[in-house]
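As annotated by Swiss-Prot, domain 'HTH lacI-type' applies to 2-56, with the evidence given as sequence analysis. Annotation comment: Swiss-Prot describes 4-23, 48-56 as DNA-binding region, evidence class sequence analysis. Annotation source Swiss-Prot lists hypoxanthine binding site at Tyr73, Lys188, Thr190, Phe219, Asp273, citing sequence analysis.
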Amino acid sequence: MATIKDVAKMAGVSTTTVSHVINKTRFVAKDTEEAVLSAIKQLNYSPSAVARSLKVNTTKSIGMIVTTSEAPYFAEIIHSVEEHCYRQGYSLFLCNTQNDPEKVKNHLEMLAKKRVDGLLVMCSEYTQDSLDLLSSFSTIPMVVMDWGPNANTDVIDDHSFDGGYLATKHLIECGHKKIGIICGELNKTTARTRYEGFEKAMEEAKLTINPSWVLEGAFEPEDGYECMNRLLTQEELPTALFCCNDVMALGAISALTEKGLRVPEDMSIIGYDDIHASRFYAPPLTTIHQSKLRLGRQAVNILLERITHKDEGVQQYSRIDITPELIIRKSVKSIL
């Protein structure tokens, strides 16, 4: 691998001159500059990123810590983050924790050693222990993206209550009165607020919620599949079902199909998130859209602002608002 000394020797100049050409830090005669650039090209020379980072105190890199990158919703946010980082000239180090506190600690230490310019942390919930751990790395500019009501993090307000209300109201407006729900774990903020939106829409329409049609999953396709199979053992079935994310809707549709039932002819289903694959479900899924693209971009922009002003003292926490929108496809039928 070529070094700066090799470039200087081929161009017949000093290493200092080569450095000035690369970094554009001083005027260099045109002939000399061309000789240096020609030597760089011939030798396929690439300046040492490590040495450069030590000199300018920046690595043009960002670390991102996530619970998982497998879930489609989070994967689409991560894609948006990576794309926006790339466009801004930053590399992204992605670390999956799988909710393991030891992995979180090890990843933070590794990213600190790599001298990343900033950190994005994206988990659906945070314990006090995890917040205390993050605070011990507070010298690194950081955006902690939280869906919960935490006072010590940046807040992502995805208006889950409004989204749950919107999904249920659409089913009601299509004539459905017997409506079930597969929600997430109700001790989690996102799941609970979507369920509360469902409750509000049912209450406004003076419809009774059948407790047997309220099933709790964990936002995985297996949960939708298992919950639907439990639902299908009941004597009376709902005409419509609100699945609180798209992958649980996929599992529910799979279970229905195995029993010879059809969506929406035998049961209407509405999802939540509008993941990319939802338009290719059979049938294409009516769902609630959340802009993962905008969420990723805003998070990166907030972090870049903190990196730029990191020497100006404590930064105020930010709020990212994501407005839910109804996307009508073909998985809900009108029975008016």
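Using N, Cα and C of the backbone, Cβ positions are placed for all residues, glycine too.
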Which of Tyr73, Thr190, Asp273, the listed binding-site residues, has fewest other Cβ atoms within 10 Å: Tyr73
Chain-internal residues, separated by at least six, CB under 8 A from Phe219 (hypoxanthine binding site): Ala71, Gly184, Ala191, Cys244, Asn245, Val247, Met248
Structural state census, the domain 'HTH lacI-type' (2-56) (DSSP three-state): 39 helix, 0 strand, 16 coil
Among Tyr73, Lys188, Thr190, Phe219, Asp273, the record's hypoxanthine binders - longest CA distance, Å: 17
